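These notes are about the structure you will find just below.
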């Protein structure tokens, strides 16, 4: 092999090195977020070569770009992204497109059937327009997801990063505490904590975010430990690269992809938890609308007006399925071996 070939590694070498990077992250995501039965990513056969190490050092910033390109080739993930984008748009412009005031009561028009008197989805037990409340509930649901994921990442990502990078006794203590938190049933613990703090959307989702943070701790810790032992990181150390540069150039960029997958999968769980807490009266409080609280209100009138609970239930199912589909597509993009350069 000539010097020119060594300084400019081939497409096959870059592909192999990138696959090596993603394998560890993919296995951790399978265990923490996709369940024990998820298919596992295969490792790189044949070991790594000096050319692969060179390619990893030179092209370390290309993983995220290539990850986005792979997501774009996954039709299911693209459709899921479009649906999520539509939900975000509805959440933003919702107050301007609702056909009626979502909290306006009309006791002369209670429990109207769909497509009656201009109410496309009917009215509830207080005469409020269901379509308007569904639209407003979209914003509440997405805000709940954002709060839960934000809290879990703010807590879990730094702790997991420091624990994985430092190791030793600090890592051992962190993981014992982490395992203790994960041993509690999350929904029951959330109910207990929200009951102490007081029922509200912010309190409920902060508690949910706190209870989800141990999963992010384990994910980031595992990714960082795997990256520390990669050959291209050791090669950077051997040529005198500082620890800060290694973190910025090699470790941080390679944690973004698995974190993106984890966020997508966790969003569906946060959506279900918010709906469950609101159904129990511990989330959004009346007269504000959320899909979970709408199901609770419709439960009392299921025999007379089943659509009161069916429509918000459909929205919850679509949203959760969309986030799970997106997470599965992102996971495939993270673990799939690139065929072309």
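Placement of Cβ uses the backbone N, Cα and C atoms for every residue, glycine included.
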32-53, 54-75, 76-97, 98-119 - the one TrEMBL records as transmembrane segment:
76-97
Correct range for transmembrane segment (source TrEMBL, candidates 142-166, 217-241):
142-166
Tally Cβ pairs under 8 Å between the transmembrane segment (142-166) and each listed stretch (76-97, 259-284, 305-326), then give the stretch with the top tally.
259-284
Stretch contact, the transmembrane segment (305-326) with the transmembrane segment (76-97), Cβ-Cβ under 8 Å, 3+ pairs:
yes
Going along the chain, which residues at least six beyond the ends of the transmembrane segment (76-97) come within the CB cut-off of under 8 Å?
135-136, 138-139, 142-143, 318-319, 322-323, 325-326, 328-330, 332-333
